[in-house]
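Please read the structure below before turning to the comments.
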Amino acid sequence: MRIREEIINALKNNLPVVAFESTVIAHGLPYPKNLEIFRNLENIAREMGCIPATIGIFRGEIVVGLTEKEIVEFIEDSPVKVGTREIPYVCALKKSAATTVSATAKIASLSGIKVFATGGIGGVHKGEWDVSQDLLELSKTNIIVVSTGCKSILDVKKTLEFLETFQVIVVGYKTEYFPIFYNGISSYKIDRVDSVEHIRNIYNIKNEISINGSILVANPIPEEYVISEDEMKKYLSIVEKEMDAKNISGKDVTPYTLKRLVELSKGKTLEANITLLENNAKLACDIAKSLVKL
Ligand code: PSU
Ligand code: MN
């Protein structure tokens, strides 16, 4: 594992560091917009006084803090998508791989990073058994993950029940309903927090009483980017039929769905995705800064 020197120094000196995942860049967003978004997220972090750490596997090496040059080469490598359990496999083959929420959370926490910003977490899919490693990783790894809840294609109720069974702390930032995108919020109630100080206190208490696992901070999508449930249903029924016909399953479901939604919505879901990623990056930075305050 290689951690960029700036990040090692920041962690040593108690400066705020925020991790970002690489699956959303490599598999969740179209090229070359994805590169622009990567740069945007890193710039937002810097403008807010934090050090960004984009995580991925680059030619067999786990990298915490991919550089601009590396991320370009990384995307050219057409990296596969890996959750935690696939990390050893791709490293042994010296391949490049994009890390999902599970893999990124695991690597970030191993390197001492406490806050991680993403778009949406994986969850329990509708229909036959398909449960993301993200959920299990969140129950084992000590990190604060800021996300816009999860996508409405998932079984939101079962996802929340899973998180409860595995004792993952879930809080809504300025909302008591679990957010989903692109519809805004679901009808499922969660605990509400209204400040980053509250999140910091929950984090400290959780650690004092040795509750293992993450805090999932669910940050809703801004109102202007909400797409109505009816409109989403229309797109999703098309995507589901296509996936059935093409036999798309397992880890290809999310990337395929994201790509088709962008096309079917004529870019609306892409705009929403970009905004929510930026929004989550900002909240993650505020949390990271609050954690390093003495
Ligand atoms: N949900 C999104 N956008 C994404 C992902 C999920 O709205 O980019 C990505 C994340 O990296 C997440 C992964 O960790 O997909 C989950 O994939 P799976 O369901 O195969 O575990
Ligand atoms: Mn899956």
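Residue numbers in this text run from 1 along the chain shown.
A Cβ is built for glycine as well, from the same backbone N, Cα and C atoms used for every other residue.
The active site, proton donor annotation in TrEMBL covers E21. Around the Cβ of E21 (active site, proton donor), the number of neighbouring Cβ atoms within 10 Å comes to 26.
Per TrEMBL, substrate binding site is recorded for K81, V101, S132, Q133, D134. For the recorded site, S132 (substrate binding site), the DSSP three-state label reads coil.
Taken from TrEMBL, the feature Mn(2+) binding site applies to D130.
K151 (active site, nucleophile) carries a strand DSSP state (E or B). A 10 Å cutoff on Cβ-Cβ distances gives K151 (active site, nucleophile) a total of 24 other Cβ atoms nearby, all chains included. What TrEMBL records for K151 is active site, nucleophile.
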Could you check the binding-site residues D130, D134 and say which one's CB has the most other CB atoms within 10 Å? D134
Rounded distance in angstrom between the Cα atoms of D134 (substrate binding site) and K151 (active site, nucleophile): 14
Quick one: which of these binding-site residues, K81, V101, D130, S132, have their CA within 10 A of K151 (active site, nucleophile)? none
All-chain count of other Cβ atoms within 10 Å of S132 (substrate binding site): 23
Of E21, V101, D130, D134, K151, which recorded positions come close to ligand 2, meaning Cβ under 6 Å from one of its atoms? D130
